[in-house]
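Q: Here it is: the structure, laid out below.
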Amino acid sequence: MWERELAVSAPGKVILHGEHAVVLGKVALAVALDLRTFLRLRPGAEGRLSVCLPGVGVRRNWDTPGLRALRGRIAGKGRGRISVLIEQLDALREFAGIATGASAPESLATLAFLYMCLAISAKYGDVPSVDIVVWSELPTGAGLGSSAAYAVCLAAALLMVCGAISCPLQEGESTARWTEEELTLINSWAFRGEQVIHGNPSGVDNAVSTWGGALRYQAGKITPLKRVPTLRILLTNTKVPRSTKVLVAGVKEKILKFPAIMNPVLDSIDAISQECQSVLEVMSANPSPEHYPVLEEFFDINQHHLNVLGVGHPSLDRLCQVTASHSLHSKLTGAGGGGCGITLLPPDTSPLAVEAAKQDLCACGFECWETKIGAPGVTLHCCSSLSAQVLHALAQS
């Protein structure tokens, strides 16, 4: 029986460098974004499991005997498999009243919750009687890893409740983190949650959300960087919708059409990722203002390359122009074609300049956050240590 009230948080992510080139075997750098998803875990009524996701309008509860019976039905289908099976998800959809093919965030979030709860409890313990509330600072569908942060929070909470990992928070501590071995287990289950939501994820988003900091991704290999500095940024959502699939196809078409022109561009993006990794590693050992102009030049060069690849957009050009008028440097992050951009804020940037840039970006109809990259990964919190805003959001359940 779970007896403590605790909270778990996990960060979102942005791609610092390597968008689109990564699909073709080049290096990408992904960094943890200090906009976080928070999960509150409470003891529940005996025999009841409840989940509330105020951001997507989900409020569900089930009796644990019914979930045990469902778990028995799906367990045989997945015996000995690492991947999530379609038959398992069909049974969960039927149980939860979710239509086949439903792809709304609330449907996928409910499905991932049920799958992870039943699969984890089948392996490590009984279906828990707990109340779970999850709320996020991350917008959904913006390429910022919101679903991975959700899956990581769920994996950590459910593994802890079922006794598969420890509860490292000691009395009187405000935060704690799990061991490397426990983080590896959290990450592996979060990846399965991502499979429920996305089908065939790369594993980058959940790895960044689990370990935090930054990681290097190339040809399927994920390598967390040992130490990275925390950098201040503006994150701007242009709110222009885009199709990643269409943008990726457009880049491939351009490479096939002009290989002699486009392949050097991809090589240059690869070099930027590797040079940036070197600079970040030097900065973490020896922070110095002289590194920031180099990082700014990387932003400028890479943004031009991404425009050459055909994944720019007038909204992103506008974002870069607005921030340049305040002597700040920006680039798109993620798929491009709209979506989000990041702006580096060196330590000597005046608060007035930051505020003026934010106002000008909002005047364009964009949404803007001042935040950090290189943030810590999944973390366990004493609830009283959370900010008033987070506590208020988690209380709307």
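Heads up, the Cβ atoms here are built off N, Cα and C, so glycines get one too.
Since we're looking at a predicted model, the values are computed, not measured.
OK, TrEMBL features for this one:
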DOMAIN    117-213  domain 'GHMP kinase N-terminal'
DOMAIN    302-357  domain 'GHMP kinase C-terminal'
Q: Report the DSSP secondary-structure composition of the domain 'GHMP kinase N-terminal' (117-213) as helix, strand and coil residue counts.
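A: Counting residues by DSSP class gives 51 helix, 10 strand, 36 coil.
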Q: Do you know the mean pLDDT across the domain 'GHMP kinase N-terminal' (117-213)?
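A: Mean model confidence (pLDDT) across the domain 'GHMP kinase N-terminal' (117-213) is 93.
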